[in-house]
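As written in TrEMBL, here are the features:
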{"type": "DOMAIN", "residues": "27-80", "note": "domain 'P-type ATPase N-terminal'"}
{"type": "TRANSMEM", "residues": "280-298", "note": "transmembrane segment"}
{"type": "TRANSMEM", "residues": "328-351", "note": "transmembrane segment"}
{"type": "ACT_SITE", "residues": "ASP397", "note": "active site, 4-aspartylphosphate intermediate"}
{"type": "BINDING", "residues": "ASP397, LYS398, THR399, GLU479, PHE521, LYS544, ARG576, THR656, GLY657, ASP658, ARG744, LYS750, ASN774, ASP775", "note": "ATP binding site"}
{"type": "BINDING", "residues": "ASP397, THR399, ASP771, ASP775", "note": "Mg(2+) binding site"}
{"type": "DOMAIN", "residues": "797-1045", "note": "domain 'P-type ATPase C-terminal'"}
{"type": "TRANSMEM", "residues": "833-854", "note": "transmembrane segment"}
{"type": "TRANSMEM", "residues": "860-881", "note": "transmembrane segment"}
{"type": "TRANSMEM", "residues": "911-936", "note": "transmembrane segment"}
{"type": "TRANSMEM", "residues": "948-968", "note": "transmembrane segment"}
{"type": "TRANSMEM", "residues": "975-1003", "note": "transmembrane segment"}
{"type": "TRANSMEM", "residues": "1023-1042", "note": "transmembrane segment"}
Amino acid sequence: MKDPLVDEQHNQNPPSKRYIEIPVPNPKLYISNSISTSKYNFFTFLPKNLFLQFSKSANIYFLIIAVLQSIPQISVTGGIPNILMPLSFVLTVSAIKDLLEDLKRKKSDRDENYRLSCKWNEGEWIKEKWLNLKVGDIIRVEKDECFPADLVILTSSENKGIAYIETKNLDGETNLKHKLAHKYTQAFFQNEKKFDRITGGVECEDPNAMIYQFNGILILGETAISLSSEQFLLRGCSLKNTDWIIGIAVYTGHQTKIMLNSSKARSKTSQLESQMNREIVYIFLMQLVLCAVCSVYYTTWYLEYRDTTDIYLRLNENSSTSDTMVQFVIQFFSWMLIFTNFVPISLLVTLEMVRFMQAGFISKDLKMYYESNDIPTGVQSSSLNEELGQINYVFSDKTGTLTRNVMEFRKMSIHGMSFGTSEHFTGPNKIPHVDFIDENFDSNDKVYYDFIIHMAICHTVIGEVKNGIIEFKASSPDELALVNAAKFFGIEFIGRDSDQNIQLMIQGEKVSVAVMNVLEFTSDRKRMSVVVRMPDGRIKLLCKGADTILQPRMLPSDVWDETWKLLENFANEGLRTLVLAERELSESEYCTWNDHYNDALRDILNREQRMAEVGEMIETHLELVGATAIEDMLQEKVPQTIKTLREAGIKVWVLTGDKIETAINIAFSCNLISHDMIRIIIESRTGPEVKKELENGLLTLKAQQTKTFALVISGEALIRAMAKDLVGIFIKVAERCSVVVCCRVSPQQKADVVKLVRDCKPNARTLSIGDGANDVNMITAAHVGIGIAGLEGQQAVRASDYSVGQFCYLQRLLFVHGRECYRRNANLICYNFYKNVLLVIPLFYYGMFSAYSGQLIYNLWTYQLFNIIFAAMPIVIYAVFDKEIPYFELETIPTYYKLGLQGELFSTSIFWFWILEAFCQGLVIVLLSLFTLSWSTGDRNYGQMENMWVSAILIFALIVVFVNLKIIAFSYSHYWFSILIIILSTGSFFICTIMITEYFPIISWLDNYDSRGSSTRIVYNPNTYSGIIIAIFFGFFLKPIYDAYISIKAMMKKDTVAPEDSFLKTEEKDDIGELLPDEIILAEEAIKAYNKPHTGFAFSGEAGHTPQITDPGFFL
């Protein structure tokens, strides 16, 4: 089967070519091998960071305010832009936070760039840092090392120029792939003395993102050597089971294919912050309205009293300002400056500081610390902490994320009998890839001999003896498990001789089995076969594959029905199954077939098709030998984690490069797909066929609306499904399915799927999690990207917003830290607007008593200290330490997560309820302050009535008390230090006020009014205390109303969510309608097709990974 990724790439424009001369005359023609994932450098940090910060509407707002404060005619600060001081503080704190996070990325980049590799330099091998390697360098890579750049292999330590590579860092796969040096370069470059005399070059494609394609020509003197992907080694892959290779660098740094497939990190903003920015706009509009109201009122009053007012008001003193329009404009901007604090300047810095501290607790959480590998949870982008509490979709890679890609032989069926238990083997002599226990099975019984030797022979595994130990090289981890199982049962595969005959050790005796032909496994065939001559001279065809494929090719068997039931049982346990069969061939029968086989091999153009036809000829009349059940080992607690995520209302999509059968099997193993789900499988290769399958799926959804569904789609079908004419029906089907599994998808397709969901569901929050370089695009495309840190390969971690040691830690990250960060930060934002509106709105109310003349009654010094000292720290302590529910309950009870999914703590209505409360409390404060002081009989010492400055201090005192009491009102945890901080914050106001008004009168004079002695008169006025008590009582009467509103809203939501909508409650479902009469028959046929039982077939091998066995021309 053709790889869909290749088809996808062929649709792109063919890349242009370039010629790399050897030796390279001018290395500056090509970019360096250094990579950088950081956002800033020394020169760009300041301008770029300032640009990013001033892209936030709040910062632009305060910059405009600073300009307005500099205009004397409208300034209430004497023409001094004092807003620049807190604005500079906000910008500095945010810049420091961004710098610290970027330094982490730089450290990761440095670790990568400073790795060492061997480079040929003037007659010797030298160790060179990766960042110093250049295009055209001849590089030597040792066993277990990673390739530092994209290389063309020239020679290897293996006789035939084979190099085995592991792409774990790239795609998470641990099964080995092979690369092959051209036979000419294999011989030529064995002699190092020739290296310095090389003349020629490499003609190849310009750098491009086509990761599975490479074409070029290597010219050595007069010899031209064709190059293909067989000779191409990708940066990030590692060399395995090969002592060394020598290659030439053709692409370096950001021009390597893996880097070209990595999307550039984009700036991400949480949904909460986006909603906040929208509310800032509304607050600003409200501010403009209030400014206009105040200005209109004042202008009306001015026109009415301009000529009659007492002369001390000096309304006509300056004729240049007597014009009505000028007066309106001056008053408008004056009020704009008075109302500046409607938008809290401290909000952004407080939010950033809180996020930074929250990130510290996330990274220090010992329950998310992977002790065995010493991997703590990492936070690269703390600005998304609250986003973790509102995730609707999780997109996950499979290999290395959900699974370990380690296969273990667990059970088997022979003659319709099941062997193997659910217990785990813990003996001292455990054989790798085997976890089998069954006291009823006697491997020495000859009745089981055919089954065991079948496992030992029917494979393409290669064995090598190194240091007295046999090391197996296999293209499939399934085959490793089967070979080791045969060894466990007494028939040991020990290798192959020079003719590729299989060498076995049976009861201490060495036995040779001649391998005559191999029919490789392909995704279309779903089986593989070998033709062998047994030690007794008999010719046998041994075949293994999918039950649905082999059963029609078998002779009738009395035990097939029992075997079929056992296969279903194995599948129900999440095991991968293979059916084993055989057929004995006569000499004449074999010779006739072998002629056809050799003819097919010689047909270069149609070899694949001809080989499939040859296989059909002989893979018939098979006899059942048995069946195997292999466990694909999952990462720790994966099934429980996925189950809990889905119970919380989060939809899980798996995006993998594996075949459909493998992906489905793992989906069953990890509780993603259950046996009562209807599986809609779409794997066609053409647009019309995919459209038909999608329409059949939609018909099934209409007919079975009470059922749950899983959509499984191949990479090729996905390309067609995401075309403009089909994307609508595809997303409609996918949205109605509880689970979506996309198979055989490329890195770019993974990102495209995430982007598709983002575009079609703009209110949904997406999260991508993966561990390989091929997951980088998906990670950067999602609202939140999580990389799984491993022992090797940090590409996913570097591109991620958060990193964890295992998939299971995602549950605690979302349910505990995400949910609590959302709750706290939502309240933090609302509270910051609340306290600033409460600070400013009394000025509006006081304007009623001063003709809205723009009188600022607060002391400017205390006014500036409000957000820095008097009301700063309590909310920070709350947002970092408050705990509503014990963390154990949050982690284990998924319903608590719905708080964020349903946006219960931040919405336009909730936000404006906070603002309304501030308006009401502000009115209570102003009225009670004025009336309280109006009851006073005056100052006993001076015989004066209480003046405006005394009222202002009482108003400000009540505001400070209110905003700090408010913290207590919505906090769940009351620690001694949080109470202490509230007391100190409130007390600091009274201390500062007394110091300013009593001991530092010069400060009062600088404000152009005399407030000296005001605080003393407040303290000695008994009505002050009664007024404070009454104000607090009336000021908080809205809290019970607010709580009742939230409770009623929650009850209404609970009543309107149907049980069967448990996985779709956070999104409005598309109306797919009911079945039409002519659709009923089609739907019934589709349902029958989808209701096939799952028997667990999966095999991870692909054709072409072992050429020395399967390719007769390999030794030519």
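Counting starts with 1 at the first residue shown.
Placement of Cβ uses the backbone N, Cα and C atoms for every residue, glycine included.
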Statement: Expressed in Å to no decimal places, the gap between the Cα atoms of ASP775 (Mg(2+) binding site) and THR399 (ATP binding site) is 11
- request: Could you tell me which three-state DSSP class THR399 (ATP binding site) falls into?
  value: strand
- line: Long-range Cβ contacts under 8 Å made by the transmembrane segment (948-968), restricted to residues 6 or more beyond its ends, are 831, 834-835, 838-839, 842, 846, 855, 857-859, 862, 866, 870-871, 874-875, 878, 921, 925-926, 928-930, 932-933, 974, 982, 985-986, 989-990, 993, 997, 1009-1011, 1014-1015, 1017-1018, 1024, 1027-1028, 1031-1032, 1035-1036
For the domain 'P-type ATPase C-terminal' (797-1045), mean pLDDT (0 to 100): 81
- prompt: According to DSSP, which kind of secondary structure is ASP775 (Mg(2+) binding site) found in, if we only use helix, strand and coil?
  reply: helix
- line: Of ASP397, THR399, ARG576, GLY657, the recorded positions lying within 10 angstroms (C-alpha) of ASP771 (Mg(2+) binding site) are ASP397, THR399
- prompt: Of the residues in the domain 'P-type ATPase N-terminal' (27-80), how many are helix, strand and coil by DSSP?
  reply: 25 helix, 0 strand, 29 coil
- line: The sparsest Cβ environment within 10 Å, among the binding-site residues THR399, ASN774, is found at THR399
Query: Closest to the residue listed as 'active site, 4-aspartylphosphate intermediate': which of the binding-site residues ARG576, GLY657, ARG744, going by Cα position?
result: GLY657
Message: Around the C-beta of ASP775 (Mg(2+) binding site), how many further C-beta atoms are within 10 angstroms, looking at every protein chain?
response: 32
- prompt: Between ASP397, ASP771, which of the recorded positions has the fewest other CB atoms within 10 angstroms in the structure shown?
  reply: ASP397
- line: ARG576 (ATP binding site) -> DSSP, reduced to three states, gives strand
Field: All-chain count of other Cβ atoms within 10 Å of PHE521 (ATP binding site)
entry: 25
DSSP-derived class (H/G/I helix, E/B strand, else coil) of ARG744 (ATP binding site): coil
Task: According to DSSP, folded down to helix, strand and coil, what is PHE521 (ATP binding site)?
output: coil
- request: Run through the Cβ atoms and count how many others sit within 10 Å of the one on GLY657 (ATP binding site).
  value: 27
